[in-house]
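To start, the structure under review is shown below, and the notes come after it.
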Amino acid sequence: MADPIAEAAQKHPAPEGLTYTYGTAGFRTKADVLDSVLTRVGLIAALRSRALKGQWIGVMITASHNPPGDNGVKLVEPLGNMLQEEWEVLSTTMANKATPEDVSQYYRDIAKTHRIDLATPARVVVARDTRASGARLLGCLVDGLKAAGADYKDFGFLTTPQLHYMVRCLNTEGTPNAYGSPTEKGYYEKFGAAFKNALKGKKPSGGLTVDCANGVGGPKLTELIKYLPSEDEGGLKITVINDNVIKPDSLNVECGADYVKTNQRAPPSSKAGPNDRCCSLDGDADRVVYYFKDDSNVFHLLDGDRIATLVASFLGDLIRQSGLAEQITIGVVQTAYANGAATKYVEQTLKLKVDCTPTGVKYLHHAAEKLDIGVYFEANGHGTVIFSHETLEAIARHEARNPGQKEALDILRATVELINQAVGDALSDMLLVEVVLAHKNWTVQNWLSTYDDLPNRLLKVTVSDRNRFQTTDAERRLVKPEGIQKLIDQEVQKVRQGRAFARASGTEDAVRVYAEAATRAEADDLARRVADLVKAAGTV
Ligand SMILES: CC(=O)N[C@H]1[C@@H](OP(=O)(O)O)O[C@H](CO)[C@@H](O)[C@@H]1O
Ligand SMILES: [Mg+2]
């Protein structure tokens with residue numbers, strides 16, 4: 001009897017000698033060795049959907065900020081969350097099965113151990129970024145989906161957050177928690193209307209230059225702009241740059257959020273003048289950073305930490321002004337990469353609680369889910385705000401006692417709509433920042449002056465086996481190799497306001513070293529010394 005699963009696996013055989021891992025952001029590597037992975041991800045997606053009684057599961061083909069020759073794939077849970085950890089492990093095992101027969105057997109094994117009825121419908125929604133390899137990889141994925149008998153919807157090109165949005169909409173359609181219409185138009189209408197309502201007549205000052213990393217964010221932002229109030233209607237003037245998707249080889253090259261954050265400079269193509277507000281998206285538009293050059297042409301970055309503090313203070317004001325402060329508390333979730341000055345500002349000036357989690361959006365998201373309002377951002381610009389069910393109900397139910405409370409409550413309700421709660425979304429985050437700046441009547445200089453970042457340095461160290469570096473305390477301390485943490489502590493003691501840590505990257509074959517201190521020289525020195533310790537301990 002023909003076995004469609006084995007046949008699909010046979011059509012896209014796994015290359016010999018490679019090991020794949022479902023990492024921080026799914027599978028991600030050189031595009032030309034991903035065919036077999038995509039087919040197997042199709043099988044896993046079908047099983048996951050069946051395990052969840054036929055709810056829609058998302059598959060996004062993207063490698064985000066990686067070079068044009070890379071690609072990747074990640075799975076999205078029914079409400080737009082990242083894949084459950086247990087299923088990451090199943091995905092990894094499936095990706096590494098050697099033969100078509102092994103793949104087919106493992107498919108049935110998962111069904112058996114997880115009590116999945118293979119007669120249950122499977123529904124999967126698919127999209128991709130603009131990489132040249134995307135079309136071929138989509139074909140490999142579809143072969144897996146068809147072999148598993150899944151229904152699938154292909155949305156073509158979408159940003160990663162748009163795909164998360166579609167998944168959540170499809171699964172909540174017709175319920176009291178309906179998230180929106182599961183179409184691109186639905187996405188633009190929802191966020192466009194929320195932006196207008198949240199501005200509530202306030203006009204953003206000046207324009208905004210948006211660098212789209214030559215990725216899928218370019219055409220999608222151009223479309224979104226059509227749904228935003230025009231300049232004449234009191235809207236925002238947006239200048240789109242680096243939106244060339246005709247040449248996929250230009251993706252993330254000398255542009256994009258990762259370039260700006262890593263090099264601490266604006267993309268060379270930017271024509272923005274002094275004090276002009278600019279931001280950069282990454283290749284799949286799930287991350288955004290702001291920046292500007294001052295009158296002396298000095299570059300200033302307003303990263304994820306800054307967005308988190310800006311948004312947390314704004315929401316705090318709205319909650320107080322609407323008379324909800326006794327019922328709702330706000331917390332901020334960061335990783336160890338958050339600047340020490342940002343953490344101090346949130347705790348001491350905003351007087352809000354800060355949680356620190358390991359690197360990777362899924363950890364921040366889980367921690368934020370435990371809060372009434374959880375503002376979570378990685379320093380590199382991934383993040384969003386999530387509201388608990390009770391908080392959403394309290395905001396919906398609340399009755400304003402005076403015009404001041406009503407004004408704040410209206411803005412708060414529109415702001416909730418503006419935030420993509422399925423996942424961090426560069427386009428929605430960008431509109432949110434614009435709303436906050438407009439209401440506070442702040443320039444980028446005002447925003448920057450809230451606190452002074454401690455000078456910091458991020459280094460990458462190549463070692464023979466990065467898995468030997470094991471951490472504890474939200475990755476802030478190393479437990480292995482033995483003895484190294486004590487040496488790092490000694491180096492930290494030598495500088496003023498010093499903090500440093502080292503951890504194995506979840507997306508690259510390297511150990512990352514982060515250091516900050518009172519001055520640039522001390523931060524650089526500390527980073528270099530810790531990197532030397534890592535090198536010495538990692539060379540075996
Ligand atoms: C220091 C840093 O920026 N790390 C990034 C990077 O993870 P690493 O595990 O550090 O490689 O990629 C992740 C996925 O995009 C992102 O969530 C994270 O913030
Ligand atoms: Mg990304």
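Cβ from N, Cα, C; glycine included.
Annotated features in TrEMBL:
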type: DOMAIN; residues: 57-86; note: domain 'Alpha-D-phosphohexomutase alpha/beta/alpha'
type: ACT_SITE; residues: S64; note: active site, phosphoserine intermediate
type: BINDING; residues: S64, D282, D284, D286; note: Mg(2+) binding site
type: DOMAIN; residues: 97-174; note: domain 'Alpha-D-phosphohexomutase alpha/beta/alpha'
type: DOMAIN; residues: 183-289; note: domain 'Phosphoacetylglucosamine mutase AMG1'
type: DOMAIN; residues: 303-442; note: domain 'Phosphoacetylglucosamine mutase AMG1'
type: BINDING; residues: E378, A379, N380, R503, A504, S505, G506, T507, R512; note: substrate binding site
type: DOMAIN; residues: 460-532; note: domain 'Alpha-D-phosphohexomutase C-terminal'
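Reported as a whole number, the C-alpha separation between D284 (Mg(2+) binding site) and A504 (substrate binding site) equals 24 Å.
Around the Cβ of S64 (active site, phosphoserine intermediate), a 10 Å sphere holds 28 further Cβ atoms from the protein chains shown. The recorded stretches the domain 'Phosphoacetylglucosamine mutase AMG1' (183-289) and the domain 'Alpha-D-phosphohexomutase C-terminal' (460-532) do not share 3+ CB pairs below 8 A when only pairs 6 or more apart in sequence are counted, and are therefore not in contact. Nearest Cα neighbour of D282 (Mg(2+) binding site) among the listed recorded positions (S64, E378, N380): S64. The recorded positions close to D286 (Mg(2+) binding site), defined as a CA atom within 10 A of its CA, are S64 out of S64, E378, G506, R512.
Annotated pair A504 (substrate binding site) and the residue listed as 'active site, phosphoserine intermediate', C-alpha to C-alpha distance, rounded: 20 Å. Recorded residues E378 (substrate binding site) and the residue listed as 'active site, phosphoserine intermediate' have their alpha carbons 15 Å apart, per Cα-Cα distance.
Residues 22, 25-31, 34, 37-38, 41-42, 44-45, 48-49, 122-129, 131-134, 137-138, 141, 158, 160, 163-168, 171-172, 213, 216, 248-253, 256-258, 282-284, 286-287, 361-362, 365, 421-423 of the same chain sit 6 or more residues outside the domain 'Alpha-D-phosphohexomutase alpha/beta/alpha' (57-86) yet have a Cβ under 8 Å from a Cβ within it. Counting every protein chain shown, the number of other Cβ atoms lying within 10 Å of the Cβ of A504 (substrate binding site) is 21. Taking the C-alpha positions, the distance from R512 (substrate binding site) to the residue listed as 'active site, phosphoserine intermediate' comes to 19 Å. Per-residue confidence over the domain 'Alpha-D-phosphohexomutase alpha/beta/alpha' (97-174) averages out at a pLDDT of 98.
On a Cα basis, N380 (substrate binding site) lies 13 Å away from S64 (active site, phosphoserine intermediate). With a CB cut-off of under 6 A applied against ligand 2, the binding-site residues D282, D284, N380, G506 are reduced to D282, D284. Screening the binding-site residues D282, D284, D286, A504 for a C-beta under 6 A from any atom of ligand 1 leaves none. Taking H, G and I as helix, E and B as strand and the rest as coil, DSSP gives the domain 'Alpha-D-phosphohexomutase alpha/beta/alpha' (57-86) the counts 2 helix, 13 strand, 15 coil.
Note on the binding-site residues D282, D284, D286, E378: the fewest other CB atoms within 10 A surround the CB of E378.
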